[in-house]
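Just below is one structure, and these are the notes that go with it.
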Amino acid sequence: MNNAKIWTVVKPSTGIPLILGAVAVAALIVHAGLLTNTTWFANYWNGNPMATVVAVAPAQ
């Protein structure tokens with residue numbers, strides 16, 4: 001572990017929960033952002049099928 005000296009400054013009983021908490025908060029922020037800014041993500045979580053895209057052939 002190349003950052004082993006961090007535990008001389010911060011006790012592992014404090015640092016590990018802080019790190020895990022920060023990861024959890026970051027994940028919640030990312031998922032909340034996806035849910036509020038996209039229409040497909042909520043549908044994906046609800047198990048709805050994806051909308052079909054129909055390709056139109058170019059006119060000649």
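Even glycines carry a Cβ here, placed using N, Cα and C.
Across the residues of the topological domain 'Cytoplasmic' (1-14), the predicted structure has a mean pLDDT of 83. Look at Swiss-Prot and you will find 1-14 tagged as topological domain 'Cytoplasmic'.
Outside the transmembrane segment (15-35), and at least 6 residues removed from its termini, the chain residues within Cβ reach (under 8 Å) are 6-7, 41-42, 45. According to Swiss-Prot, the transmembrane segment annotation covers 15-35.
Residues annotated as bacteriochlorophyll binding site in Swiss-Prot, with sequence analysis given as evidence: H31. Within 10 Å of the C-beta of H31 (bacteriochlorophyll binding site) there are 12 other C-beta atoms, taking all protein chains into account. When secondary structure is read from DSSP and collapsed to three states, H31 (bacteriochlorophyll binding site) falls in the helix class.
The topological domain 'Periplasmic' annotation in Swiss-Prot covers 36-60 and rests on sequence analysis.
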